[in-house]
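Have a look at the structure below before the remarks.
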Amino acid sequence: MDFGPHLMLATLEGTVIASILVLTAMGLSIVFGVMRVVNVAHGEFFMLGAVLAWYVSKMLGGHPAIGFAAALVIAPLVVGLIAAVSDQLILKRINYDPDRTIVGTIGILFIIQQTTLMTFGPEARPVEAPFNQRLALPWFEFSEGGLQMIWPWGLSITSYKLFVIFAALTVLLALWLFLTRTKIGLIMRATQQDSETAKAFGVPVGTVYSCVFGLGAALAALGAVLVVPIQQAHYLMGADPLLMAFTVVIIGGLGSLPGTVIAAFLIGMSDGIISVFFSPTLAQIIATFLVAMILVFRPQGLMGKAET
Amino acid sequence: MTVAGKINTLHFGILLFLLACFFILPAYHVGALSRIMVLAIYAIGLNILFGYTGLLSLGHAMFFAAGMYGLGLSIKFLGVSVIPAFGIGILSAAVLSVLVGLLALRTVGVSFMIVTLMFAQTIYLVVLYFGEYTRGDEGFVLQQAERMLLNFDVTTEAGRYFVAFGAFSICLISFAALVQSSFGKRLVAIRENEERARMLGYDVWRYKLLAVIISGTVSGVAGALYALLFGYVGATFASVQYSILPLLWVLLGGAGKTIGPLIGVAFMFYLIDASSAYTSAYMLIAGLALVILTMFAPRGIAGILQAKVWPWLP
């Protein structure tokens, strides 16, 4: 393949990665924005979503689309519920103290991960995509006969991957409408701005925190259900999304939702493009190091306000 | 007895007890204790930074790995003997901690944790990337002949125990002296109230940098010792898990307490040892321990001891 079609393929793959990433990172960003805590167990909620998707599709059987559609609803709900309960049981009792929350969520991380290892087992298990046609893509090239449309071999995308991009955009839109147009969204934003004043106005801040924590985890689980037909479910799969989501939230500016979206696309795309052209490990080394350097030299992120 | 006298008695008592353990305990526990002492040095390294200076690093495995690979690779590829290799290991950790300190200390709070986490991840990936030399996850073994400390064989049970004991004694005593010194008190002042320390005229940034360097170097000593005494060098020791474990040990034993690291490592070691008889998912115990600790005993076992028995505990 020539450079042009190759780059287009890399960009498409990058968009798919970015679509999953934006959902996971949004979950982390909302939790940080409203509750001011760093949820290290976020990657495990992602993993739990993928594992539940496998269980649901296994139990329902029949056409893969039935299981997938059911998983799309059930997995985020269950994961959100688990997160809300762990918030009530653990985080609420340590008063959301930043350091202790990190330690507590590291604990939750190991509990979820190891419980999955004991029940789901160490194997990677696939979930079948509901539909998976291969769509060839055209490429335009100038030659002696003017502009020509060619169909380079290997330049294609599956219909499922297109669906992932579309689904992520829909969820983002729905989330935006939810936060800006509904009463619950208003309450969440009020809590984010000033939890003390919100409490004085009768907002049940404790309940809002649990809901936000659940919502954040549910978004991660939703991303995982979408990714599991592309990447298999495995009990250690949470580590990469966690690191990537962290990166995105930091680059976007802690707590800034538009920043998160922009950063997710930047990082997802560059990850897709770099890993097509370079060795994946080298790409990861460069990406991780660059993000650390951005944090060092521009700690407020791209869209965040500078701390005084 | 004065407070200083009590503290010295406690530390020397612990060392005497560890010495006695070699003659009393069966071989299995002697082996376990030499491992515990080396890992306790690692935990002491983190405790200086986290417990005393209040900086939470989630990437200390990079310093441990720097010491480990500094020693292991120089023995394997440069063919140097143990003592210079040990020096190279410590030097690698020291250089790395200067670099990481200079960069990471530009950030504070949550960003500091994540920057250290990412630097450590970078180092881990670099180790995997150069798998041709490091053998990646699989790691490599140092042969007995390569591990002679002058004419002293560290591969025997006794050799291993006494080298670990000697190193641990030096670390514990100098750590206790450091904490009691005015330097240590300044670190605590920074932990308690950075703004006030700065207002009182202390160069906060310089003290934090020194804390990172000391902490990283001590962790590197532990890494080099681990490779020397147990003869194995592998990428697992550079992974996130080995950054989380020392945090767990320090928290469990008691952050900001001199005896915290040893208690934490020993407690966790035997807890995992007991539970691994029942399940392969032994990290579940670590997770439960972290949650329970942070909820009910945020100051660790030494913290409880201080509150209930020894109010003078340093």
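Glycine is treated like the rest: Cβ placed from N, Cα and C.
Quick look at what TrEMBL lists:
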| type | residues | note |
| --- | --- | --- |
| TRANSMEM | A:6-30 | transmembrane segment |
| TRANSMEM | A:37-56 | transmembrane segment |
| TRANSMEM | A:68-90 | transmembrane segment |
| TRANSMEM | A:102-121 | transmembrane segment |
| TRANSMEM | A:160-179 | transmembrane segment |
| TRANSMEM | A:200-230 | transmembrane segment |
| TRANSMEM | A:242-267 | transmembrane segment |
| TRANSMEM | A:274-297 | transmembrane segment |
| said: Any contact between the transmembrane segment (A:68-90) and the transmembrane segment (A:200-230)? By contact I mean 3+ C-beta pairs closer than 8 Å, pairs at least 6 apart along the chain. | reply: yes
| Winner by Cβ pairs under 8 Å against the transmembrane segment (A:242-267), considering only A:6-30, A:160-179, A:274-297 | A:6-30
| field | Proximity of the transmembrane segment (A:160-179) to the transmembrane segment (A:200-230), 3+ C-beta pairs under 8 angstroms | value | yes
| note | Outside the transmembrane segment (A:37-56), at least 6 residues beyond either end, the same-chain residues with a Cβ under 8 Å of its Cβ set are 24, 27-28, 31, 67-68, 70-71, 74-76, 78-79, 82-83, 86, 91, 96, 98, 101-102, 105-106, 108-109, 112-113, 116, 120, 125-127, 213, 216-217, 220-225, 227-228, 233-243, 245
| note | Lying 6 or more residues past either end of the transmembrane segment (A:6-30) yet within Cβ distance under 8 Å of it, the residues of that chain are 39, 42, 45-46, 137, 139, 154-155, 157, 161, 164-165, 167-169, 171-172, 175, 188, 212, 215-220, 222-224, 226-227, 230, 241, 244-246, 248-249, 252, 254-257, 260-261, 263-265, 267-273, 276-277
| remark: Sequence-distant contacts of the transmembrane segment (A:274-297), meaning Cβ under 8 Å and at least 6 residues beyond its ends, amount to 6, 9-10, 13, 243, 247, 250-251, 267
